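Trainee: Right, I'll just put the structure down here and ask away after.
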Amino acid sequence: MAEKLPDNVFLTTLDAAASWARKNSLWPMPFATACCGIELMATASSRFDLARFGAEVMRFSPRQCDLMIVAGRVVMKMLPVLQRIWMQMPEPKWCISMGACACTGGVFDTYAVVQGVDRFIPVDLYVPGCPPRPEQLIAALIEMQDIVQKTGTHNGREFGRRTTATGPIPIELDEIRRSREALPIVDLPIYNSPNLN
Amino acid sequence: MLDTAAFVARFNGSTSEFRDNRRAIVPAAKLSEAASALKTEFGFDMLVDVTAVDYLEYEGATDRFGVVYCLLNTTTGERVILKTFVNDPDPALPSVYSLWKGADWMEREVFDMFGIKFEGHPDLRRILMPDEFTAFPLRKDYPLKGRGERHNFPVITRAES
């Protein structure tokens, strides 16, 4: 069959073609809350030019995005918002956790800051640094393109493999000690997490 | 110029001074009276800040919470700090919202962080923490890492999103 085709026609699988198109036109959703957000802005600026990778179309509506970049610390008041935005993004979708705070809570080991967004939403790539330089984010994006090319089409295999969450880890011993040291409050109702539905 | 010593004498209070910061310390029962006098008689028309201090385990402290009102006279530039003390189990103070509208969010913040109620406040809700939060994080007996609130969220896995 290939002999009858003209030279400018390629044969491929739909899967590979779709993945190729997706990887070269990632539309990021910037979930930027802190200093990492400034680095994210710089990455999109002319100096670093995220447009080279087809990812310059930052969309502020989750309905139009396929790549969430969580840049900056996420507090417990903001986490339901993050989860809602993630749920609103159409599939296939990916997530980059950018910077120490988004990955682990960073230096903010306090009552309000979530200790890593990967405990509550799936994360594909982690960018270390505090904050990471734009080059690091670009490197992550190239890496992400690789992931998208390999597993881009939602064919069930890739998603079927990841059914377990990475978190949350139960309260560590140190936290149990601290809360025991604290004066007990009788009948303290524990914080009720908001219903996402 | 406000004579703090003479002023606090009217309210059985005390006064102290540190590097030009003049404090008028009055009993909680006399707070509205003192605040109102400062506004109407002495022209302190701006409430710069309302905040609180938790004196739990503080050396020599006799009261649990100190509530601090920083006042400014915008005509003369004069400043004074009005301070009062409240105690457990139900720390409450009259709101100064009727005197300074700026007290609205500041009193909400003090309520949110320390659990001090302001009676007469028009809308005393949490302002920084989520509405569902039950503790008061800036109290000294609240652990820095919380009581597990930050872990208490539904987990979204790859399969279900």
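Keep in mind that glycine also has a Cβ here, set from the backbone N, Cα and C atoms.
In TrEMBL, annotation is done automatically, which means it is predicted and not curated.
Keep in mind it's a predicted model, so treat the numbers as computed, not measured.
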Trainee: For the [4Fe-4S] cluster site that TrEMBL assigns to A:Cys35, A:Cys36, A:Cys130, which of the candidates A:Cys95, A:Cys101 is also assigned?
Mentor: A:Cys101
Trainee: Taking the centroid of the Cβ atoms of A:Cys35, A:Cys36, A:Cys101, A:Cys130 as the [4Fe-4S] cluster site, which other residues of that chain lie with their Cβ within 8 Å of it, listed in sequence order?
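Mentor: What remains near the Cβ centre is A:Ala34, A:Glu39, A:Ala71, A:Gly72, A:Arg73, A:Met98, A:Gly99, A:Ala100, A:Ala102, A:Gly106, A:Gly129, A:Pro131, A:Pro132.
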Trainee: Within its own chain, what residues at least 6 apart in sequence put their Cβ under 8 Å from the Cβ of A:Cys101 ([4Fe-4S] cluster binding site), listed in sequence order?
Mentor: A:Ala34, A:Cys36, A:Gly72, A:Arg73, A:Val74, A:Val107, A:Phe108, A:Val113, A:Cys130
